[in-house]
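**Student:** Quick paste from TrEMBL:
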type	residues	note
ACT_SITE	159	active site, proton donor
ACT_SITE	230	active site, proton acceptor
BINDING	212, 467, 511	(S)-malate binding site
BINDING	302, 303, 326	divalent metal cation binding site
DOMAIN	136-317	domain 'Malic enzyme N-terminal'
DOMAIN	327-580	domain 'Malic enzyme NAD-binding'
Ligand SMILES: NC(=O)C1=CN([C@@H]2O[C@H](COP(=O)(O)OP(=O)(O)OC[C@H]3O[C@@H](n4cnc5c(N)ncnc54)[C@H](OP(=O)(O)O)[C@@H]3O)[C@@H](O)[C@H]2O)C=CC1
Ligand SMILES: CC(=O)C(=O)O
Ligand SMILES: [Mg+2]
């Protein structure tokens with residue numbers, strides 16, 4: 001059982017035990033407390049009708065109201081405008097703040113240091129995440145400054161792997177909602193819900209239905225941690241203003257039994273709705289987004305299960321500005337890593353033989369982009385390029401004898417070849433020089449497999465891209481040790497540097513976080529209306545071009561994360577430029593200085609002076 005899962009189960013168990021103990025009166029719970037807990041344990045409070053009846057006890061309704069001018073305590077409690085102790089004396093005079101803050105002044109630089117000192121005291125990543133989210137709720141600019149200044153240290157906290165843990169425990173950890181929750185019961189009034197969202201100028205939406213969260217499976221509405229995390233990166237890395245970003249979770253139920261039984265599960269307690277009803281909700285959502293925010297709002301599909309992911313992408317890419325990050329964003333980042341690896345492996349990409357362990361969204365998405373790249377590089381057709389690419393799924397090698405039962409996204413990669421069931425057999429038979437893990441299956445790159453690759457390849461490419469860390473096909477330490485430091489390595493979630501025979505290897509992070517923020521920025525810069533595969537290809541080539549020989553000497557096939565914002569501006573330029581080339585840009589005429597425009601558009605979280 002992966003670590004993350006068992007921790008979640010442990011916490012769930014603890015909650016149950018606490019409730020049980022309290023119910024039996026062992027903790028001295030009051031009569032009222034005890035009966036409340038009773039009803040929780042007996043699952044009364046979250047019966048379907050509990051929500052309908054939730055107003056029953058209100059005798060005299062009150063009107064919630066606030067003043068609108070932001071000054072005094074309201075200013076301090078408004079995360080968009082709050083600066084904490086960084087309010088100057090003049091601002092404190094003018095905005096009625098004296099007495100509400102300690103008398104000292106502390107600028108943002110010092111505040112960043114203070115936040116980091118606090119954060120580094122926490123030993124648990126989950127506590128660090130909570131601390132950061134609490135900061136975001138208090139002071140948005142400081143939150144983003146802290147994140148941007150410490151991106152290497154904090155990316156694993158706001159993103160994978162910690163965000164996986166956060167999703168698993170979302171119901172328990174829930175404090176303040178972030179993002180828009182649209183449930184299957186909201187059919188017919190999705191626009192009304194969009195209008196409840198406080199921001200009007202939304203430019204990017206990340207939406208999930210929570211069915212395939214990282215490699216953790218169906219987490220239902222608890223998947224909200226993912227769109228929230230992705231959009232945090234749109235701001236920190238891609239420079240979008242926080243108010244331009246809208247995280248959405250479509251709650252259509254969950255088939256995760258343990259969540260459905262969890263007393264704190266915050267979503268609908270029903271199995272997933274499928275078929276027409278599901279499609280109607282998605283369709284209403286897509287049309288409402290366009291009607292509310294315009295046809296140039298970028299919609300990113302994230303962590304949908306593949307039976308929906310492919311068909312939704314194909315359904316909407318002709319009518320909306322939409323892409324699927326797990327298929328296309330991942331494809332670009334993986335391709336970039338392989339292009340950047342070429343000076344280490346020698347030769348061209350078309351000289352390699354590729355094997356994908358996992359033939360789903362990420363696997364076939366990357367494979368198609370590799371084929372597109374190779375077809376251009378080697379001046380061959382795409383079907384010819386696909387000949388170099390082999391797929392392995394949960395049932396083994398994707399071959400002709402399995403044709404009748406294969407999903408359509410695997411068909412282009414079917415080979416007329418004998419069936420092989422284990423990955424080791426496949427590796428020994430096909431001798432891939434690049435092995436990419438996108439199965440979500442932890443530890444499937446074994447010692448035998450890694451060693452076998454070194455028998456015929458001097459520098460095998462080994463990319464275990466599955467997330468979070470607990471689902472990675474192997475660790476960096478394993479890959480470097482088993483190949484005696486020979487492999488070119490990148491993983492979906494981060495690993496620490498590894499020393500083998502006195503030499504340090506720095507594992508790169510092959511994660512779509514390198515792509516989507518700059519990609520989105522590029523779409524906005526050009527005013528793109530549709531997305532073309534060549535735009536992702538351009539993003540991949542640009543990212544690869546940002547890797548220096550110095551990076552490669554350390555083993556890196558991605559630029560260091562501290563440069564990721566500058567890299568994103570370059571990606572934005574390349575993507576926008578392709579959009580113009582393909583006639584899908586609307587910000588006309590095409591400006592000559594796309595890079596400058598991208599850089600200038602990037603929001604920075606420095607405090608503003610208030611009049
Ligand atoms: N690093 C990054 O940026 C990204 C990483 N990922 C990661 O990739 C993983 C897969 O995501 P995604 O492609 O969207 O998921 P999908 O569900 O679309 O695909 C999973 C694939 O893995 C196969 N599989 C499952 N178990 C095994 C096994 N034991 N051996 C071989 N293959 C197996 C499945 O086989 P079958 O078809 O037979 O069911 C399927 O083809 C996740 O862990 C995700 O976190 C995803 C996107 C981006
Ligand atoms: C990174 C990502 O998008 C995933 O693992 O699903
Ligand atoms: Mg994803």
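Note that Cβ sites are derived from N, Cα and C of the backbone, with glycine treated the same way.
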**Student:** Give the three-state DSSP assignment (helix, strand or coil) for residue 230 (active site, proton acceptor).
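**Tutor:** DSSP call for residue 230 (active site, proton acceptor): helix.
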**Student:** What are the non-local neighbours of residue 467 ((S)-malate binding site), defined as same-chain residues 6+ apart in sequence with CB under 8 A from its CB?
**Tutor:** 160, 161, 164, 214, 215, 492, 493, 511
**Student:** Just give me the nearest neighbour of residue 159 (active site, proton donor) among the recorded positions 212, 230, 302, 303, 326, Cα to Cα.
**Tutor:** 230
**Student:** For residue 302 (divalent metal cation binding site), write down the residues of its own chain that are at least 6 apart in sequence and whose Cβ falls under 8 Å from its Cβ; none is a fine answer.
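**Tutor:** The list for residue 302 (divalent metal cation binding site) reads 206, 207, 208, 226, 227, 230, 324, 325, 326, given in order along the sequence.
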**Student:** Which value does the mean pLDDT take for the domain 'Malic enzyme N-terminal' (136-317) in this predicted structure?
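**Tutor:** PLDDT averaged over the stretch: 98.
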**Student:** Quick one: Cα separation, residue 303 (divalent metal cation binding site) versus residue 212 ((S)-malate binding site), in Å?
**Tutor:** 5
**Student:** Please go through the binding-site residues 302, 326, 467, 511 one by one and keep those whose C-beta falls under 6 A from any atom of ligand 1; give the result in sequence order.
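**Tutor:** If the test is a Cβ under 6 Å from any atom of ligand 1, the answer is 326, 467, 511.
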**Student:** Within the same chain, and leaving aside 302, 303, 326, name every residue whose CB is within 8 angstroms of the centroid of the CB atoms belonging to the recorded divalent metal cation site, in sequence order.
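**Tutor:** Once 302, 303, 326 are set aside, the remaining close residues are 208, 212, 213, 226, 301, 304, 309, 324, 325, 361.
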**Student:** Filtering 159, 212, 230 (recorded positions) by proximity to ligand 3: which pass a Cβ cutoff of under 6 Å to any of its atoms?
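**Tutor:** What lies within reach of ligand 3, judged by Cβ under 6 Å, is none of the recorded positions.
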**Student:** Looking at the recorded positions 212, 230, which sits with the largest number of other Cβ atoms within 10 Å of its Cβ?
**Tutor:** 230
**Student:** Under 6 Å from ligand 2 by Cβ, which recorded positions from 212, 230, 303?
**Tutor:** 303
